[in-house]
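Here the structure is laid out as C-alpha cells; the discussion comes afterwards.
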Amino acid sequence: MSKKEVIIYTDGACSGNPGAGGWAAIILFQDYRKDIYGREENTTNNKMELTAVINGLKVLKFSCNINLYTDSLYVKHGITEWINKWKMNGWKTSNKKSVKNMELWKELDNVASQHEIDWKWVKAHSGDKYNEEADSLARKAIIDA
C-alpha cells in the first residue's frame, strides 16, 4: 500500500520575542482539511515555528509522504542542513555552544523520521493562501487566551 500524500502548512508568531506566542498547522489530505493551533506564554518565535511543525506532524496516524511548507528558514535549514551536524557534535553548534531549542529539535527529528518529508520554504506574506491562513491562525491563538 502506498503512503498517503499530505500537505502541511505551518506558522508561528510571537507578540514580543520573547512574549506570548501562537502556532498553527493546516493539514490537507485529498478533500480533507484540519486546522490546529495553540498558545504559549513567554516563548519565542522560533519555538513557535518548531512547535507548529511538531504538532502538525503528530496529527498524522500513519507514515505519509508530506510536502511541508514553512516560512521559517530557521526550521527549514535546521532540519535539512544543521541537525545532522548537531547530532554528530553532541548537540553542539560549530561554536561549541548548546543548540538552542534542543528539546524541540530532538522531538522534531523523532516525529519527522516517521515520514518522507519534502521541506519547502515559502516567503511570508507573499500571498500564498495557506501560509496566510496559518499565519492568521497563529496570531488568533495569541489573542484567544
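Every residue, even glycine, has its Cβ placed from backbone N, Cα and C.
The Mg(2+) 2 binding site annotation in Swiss-Prot covers Asp11, Asp135. Cβ neighbours within 10 Å of Asp11 (Mg(2+) 2 binding site), excluding its own Cβ and spanning all shown chains: 31.
Sequence-distant neighbours of Asp71 (Mg(2+) 1 binding site) (same chain, six or more apart, CB under 8 Å from its CB) are Asp11, Trp121, Val122, Lys123, Ala124, Asn131, Asp135, listed in sequence order. Residues annotated as Mg(2+) 1 binding site in Swiss-Prot, with sequence analysis given as evidence: Asp11, Glu49, Asp71.
Residues or ranges marked as domain 'RNase H type-1' in Swiss-Prot (evidence: sequence analysis): 2-143.
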Please classify the secondary structure at Asp11 (Mg(2+) 2 binding site) using three-state DSSP.
strand
Given the binding-site residues Glu49, Asp135, and counting only Cβ atoms in the protein chains shown, which has the most within 10 Å of its Cβ?
Glu49
